[in-house]
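Some features that TrEMBL has for this protein:
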{"type": "DOMAIN", "residues": "3-96", "note": "domain 'Pyrroline-5-carboxylate reductase catalytic N-terminal'"}
{"type": "BINDING", "residues": "67, 68, 69, 70", "note": "NADP(+) binding site"}
{"type": "DOMAIN", "residues": "159-263", "note": "domain 'Pyrroline-5-carboxylate reductase dimerisation'"}
Ligand SMILES: NC(=O)C1=CN([C@@H]2O[C@H](COP(=O)(O)OP(=O)(O)OC[C@H]3O[C@@H](n4cnc5c(N)ncnc54)[C@H](OP(=O)(O)O)[C@@H]3O)[C@@H](O)[C@H]2O)C=CC1
Ligand SMILES: O=C(O)[C@@H]1CCC=N1
C-alpha cells in the first residue's frame, strides 16, 4: 500500500483526492493537510479522508504531494524540511516552481518529482507531465507515473519544458471552458433557451474531443470536414480569423508560459 498525502487540498489537491478515490484507492491510503480547520472538516466529510499536520503526513505517507499556490510554498518547505529525508518522495504540482528550489530547501538527497497535472483528473482524464529532479530515480518517476495513470494520461518531459506544459495542458481546460461559455452565450444571443444551448455545445465538445482523442485524423482535416463549400461554417471561420482568434490563442498561451517562468523566478535566490 502506497500512502499519499496531499499538502494543500484546494482545487487541484481535492481533484487528485477525488480522482484517486474514484480510481479505487481506499481512504486509508490518502491523507491531506489544510490550513483552515473548516476546509479540512469539509473535505473529511465529503471523502472520508483524514486531515493531518505536516509532520504526521511525513511520518505516514510514502508520497508527499505539494499542491499549494506557488506564492504559499515558503512556509510549506519550512514545515517539511525538519520532517523529511531521502526515504521520502516529494511531488510538486506547483506551477513554475523548479525541483531545484525543493532541493535547496529540503535535506540533501530528498527526491523530488515535478508534475503538471490538470483538473480533468476528477473524471479520470487528466493530462499530467512529470519531470524528475536531481535525486529522483527512474523508480520514483515510475511510482508517480503509476499513481497518476489512475486518473488520466501521463508523459515524461524534460523539466525545461514544464513552463510550456503548464501553459498548454495545466491551464488548457480553462481555455476550453471559456470557449464553451462563449458559445453558450452565442446560443442565448440567437434566442435559444440556456439549457438547450448548453446541451448543444457541451455534447458538441464531447463529440469533438472523442474524435480528436481517437487520433485518426489531424484537427485540420476534422475541421475541413465540417466546413461545407459556401456553407455556414466558413462564414463563422471568416469571423474568427477577422477577430484574430488564432493569434489571440498564441499570445494567451505564451503569456501563461511567461507567468509560469515568473512564478519560478520569484524563488530564484540563495
Ligand atoms: N487549479 C489547477 O487547475 C491546477 C493547479 N496547479 C497547481 O496546484 C497548486 C494549487 O492550485 P489550486 O488548487 O488551484 O489552488 P488552491 O488555492 O485552490 O489550493 C491550495 C490550497 O492549499 C492550502 N494551503 C495554503 N498554504 C497551506 C499550508 N501551509 N498548509 C496546508 N494547506 C495550505 C490553501 O488554503 P487557503 O485557501 O487558505 O489559501 C488551499 O486550500 C498551485 O501551485 C498550482 O500552480 C497545477 C495544475 C492545475
Ligand atoms: O492558473 C494556474 O496558475 C494554475 C496552474 C495551471 C492551471 N492552474
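Note: Cβ is positioned from N, Cα and C throughout, glycine not excepted.
Nobody curates TrEMBL annotations by hand; they come from automatic prediction.
Keep in mind that this is a model prediction, so the values were computed, not measured.
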Taking the center of the Cβ atoms of 67, 68, 69, 70 at the recorded NADP(+) site, which other residues in this chain have a Cβ no more than 8 Å from that point?
8, 10, 66, 71, 72, 73, 76, 93, 94
I want to check the contact list for residue 69 (NADP(+) binding site): same chain, sequence separation of six or more, C-beta distance under 8 angstroms. What comes out?
8, 10, 94
DSSP-derived structure type at residue 70 (NADP(+) binding site), helix or strand or else coil
helix
Out of 67, 68, 70, which of the binding-site residues is least crowded by other Cβ atoms within 10 Å?
70
Taking DSSP H, G, I as helix and E, B as strand, the domain 'Pyrroline-5-carboxylate reductase dimerisation' (159-263) contains 88 helix, 0 strand, 17 coil
